[in-house]
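Trainee: Please find one structure pasted underneath; my questions will follow.
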Amino acid sequence: MIPVKKETTLNSAQKEAALLTGFPVLVIAGAGTGKTNTLVHRLLHLVQSGEDPKSLLLLTFTRRAAKEMLQRASALLDTRMNSVTGGTFHSFCHLFLRKYIQILGYSPNFSILDEEDAIQLTGMARDSVLMQKQTKRFPKKETLHEILSSSFNNQISIEKVLTKDYSQFLSQIKEIQTIKEKYESLKIQNQSVDFDDLLGLTRQILVENENIRKYLSGVYKHILVDEYQDTNRIQAHIACLLASIHENIMVVGDDAQCIYGFRGANVRNILDFPKIFPNAKKITLEENYRSSSPILHLANSALSKFVEKYDKNLFTKKETPSKKPVYMKLTNGEKEAVFISENILEQNESGIVFKDIAILVRSGWHANLIELELNHKGIPYRKFGGRKFLEQSHIKDVISYLKVLLNAKDWLSWNRILNLEPGVGPKQTGLFLNLLQKDSLELENLFWKEDSFWIGFQNEAKSNISKLLDRLLQIGKGGPISPPKALESILEYYLPLLEQIYDDSKKRSDDLESLNLLTKEYAELSDYLGFLSLETTESLLDSPDKDREEEGYVTVSTVHSAKGLEWKVVYFVHLLEGQLPSNWIRTVEDLEEERRLFYVGITRAKEELYLTAPLQLEKKNIQFQSVTRFLSELENLDELVETREYDNKPSDAIKPENMQKQGRFQDIQNYFLN
């Protein structure tokens, strides 16, 4: 046992990882197997063996992770651990460049561009390049920044980024390449670097300067890297370069939890570590301290389907009674939302606090109906990995169209939808709203067909506002407005504008389908809009109180945002082909990352796991009727999960014909008047 200040127990694999020196070490840490504890004890052992704490370099992905590890180490040993150099890759590179960037011709007093600054400078480069050119639809500065950063972090060409994520801009690749060159030039002129440069310039200096590599090998005699599976190629390259002379490097991670490919994380880094360091020792942590045995059986079965992996078999020594994961088949998305909200209320009544419950989704929009149902049932929640459904700008756009159909004097909604039209800005919008207020007429009685109405309007604005008015009047013809028909017509009109306004329009269009599903429950437009408005308001008015602090909030999160976290109860929802795995996948590598998402999702649960699949989900006239292959491909699924079907028919107790009617009025009067 490692001698430490406080009694702490390590299992045999953790102890081996903490003590082994003299070799590069690869620690494969399965979900919930105590990797943080292992890293902390590795630091302790090195210091207690005589290493100078200042010679230890701990690289993590968040400052918080490094701080917590060093605090735990200090609590176990003493303040010597405060001298360990610990931080993120970016913070290490920042300090490195302050000392060495002059080699590349920069001032050591260079400025660092945060993301907003980088976007603004990209916008300046964009304006400079496009100033003399008339271009059609062109990516916004925010999108350009994403394209350039994705190209860097994934180490792929701009053309490949466009092909994968922004194919609508492929025809403008030359202009985008020129903007990149201009952006790089502007950074040099301003003696500024962005976050990507912190990594890129550090790697460049390390590659090109052997003397610096030798010097650093003497400064940092042991390199420790946390969450190695999440490194991109540049970060992994930097870590390996720092250890290239002494080879005293330990990387800790789990190939099965590499899910940040969209940020540049490359699973090859951890899979190929033994190729870079052939004498590396591999240690696998398999004892799980989080989940119950039935949940781990499902996780292990999912692991067996990975194409390329490090073998591991998670197990627990817990002997407490445990439940099988529940695979819940539901007929549609509405019933999925009702089941989850009702089950959460039942669990809360039985003693499980809200903060111990999570709802996990592959994509933010998968939770749209669930969010509305949680609000409807009064269940407090917090969403991570995307804005709340009704707070998103494109949802508010569509609701604004519906609002002016109901109330032609809703100036705020008019202002929103008019400014969506090409050629219509604040001036043209102001002219129109003045006419609307002045005439004090209903929409159908406006004299907009007459030329005199359009005095002061530019031709493009007149044309587009006329089309908008024509569409709104068509919807309003023939009596009461049907919410489903109104929304269908509005979406037909709005989708082309969506494509012009938002560079990520394909993703946003998915949200609009959820609005469509909800209209079926309402016969009157006023009821539908009232429901949406009240849901938003009640959500915003929800404020913490003492009881709420104890109960906490249900977590609604994407799997990406949930990694590293755990809850007693997890609902993993919308497990359908086309959604998990996403229908955007193109390669075997993409499919494997989706499989890893499934694994990460199920291993967040400690005691109870619910897997839900709304098998008749209607989306753009497509029926997603197949449960995800990540479940259906498991040969022993019936042994691994308990399969249930859910039907939320109203109980007999609440049927009107069974309710007591006699004497109810008198009972009410007696209560309130006596």
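Placed from the backbone N, Cα and C atoms, the Cβ positions cover glycine too.
Pasting the feature list from TrEMBL:
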{"type": "DOMAIN", "residues": "8-292", "note": "domain 'UvrD-like helicase ATP-binding'"}
{"type": "BINDING", "residues": "Ala29, Gly30, Ala31, Gly32, Thr33, Gly34, Lys35, Thr36", "note": "ATP binding site"}
{"type": "DOMAIN", "residues": "293-564", "note": "domain 'UvrD-like helicase C-terminal'"}
Trainee: Take the mean position of the Cβ atoms of Ala29, Gly30, Ala31, Gly32, Thr33, Gly34, Lys35, Thr36, the recorded ATP site. Which other residues of that chain put their Cβ within 8 Å of it?
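Mentor: Going along the sequence, the neighbours come out as Thr38, Asp254, Leu285, Asn288, Tyr289.
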Trainee: Of Gly30, Gly32, Gly34, which of the binding-site residues has the most Cβ neighbours inside 10 Å?
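Mentor: That would be Gly30, with the highest Cβ count within 10 Å.
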Trainee: Just to be sure I understand the packing, how many Cβ atoms besides its own are within 10 Å of the Cβ of Thr36 (ATP binding site)?
Mentor: 15
Trainee: Restricting to the same chain and to sequence separations of six or more, state which residues have a Cβ under 8 Å from that of Ala31 (ATP binding site).
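Mentor: Spatial neighbours, sequence-distant, of Ala31 (ATP binding site): Asp254, Ala256, Gln257, Asn288, Arg290, Ser291, Ala299, Leu314, Tyr599, Val600, Thr603.
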Trainee: Any same-chain residues 6+ apart from Ala29 (ATP binding site) with CB under 8 Å of its CB? Would you list them in sequence order, or say none?
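Mentor: For Ala29 (ATP binding site), the qualifying residues are Lys35, Thr38, Val252, Gly253, Asp254, Leu285.
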Trainee: Across all the protein chains here, work out how many other Cβ atoms are within 10 Å of the Cβ of Thr33 (ATP binding site).
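Mentor: So the number of other Cβ atoms within 10 Å of Thr33 (ATP binding site) is 25.
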Trainee: Across the domain 'UvrD-like helicase C-terminal' (293-564), what does the pLDDT come to on average, as a whole number?
Mentor: 80
Trainee: Within 10 Å of the Cβ of Lys35 (ATP binding site), how many other Cβ atoms are there?
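Mentor: If we count other Cβ atoms within 10 Å of Lys35 (ATP binding site), we arrive at 21.
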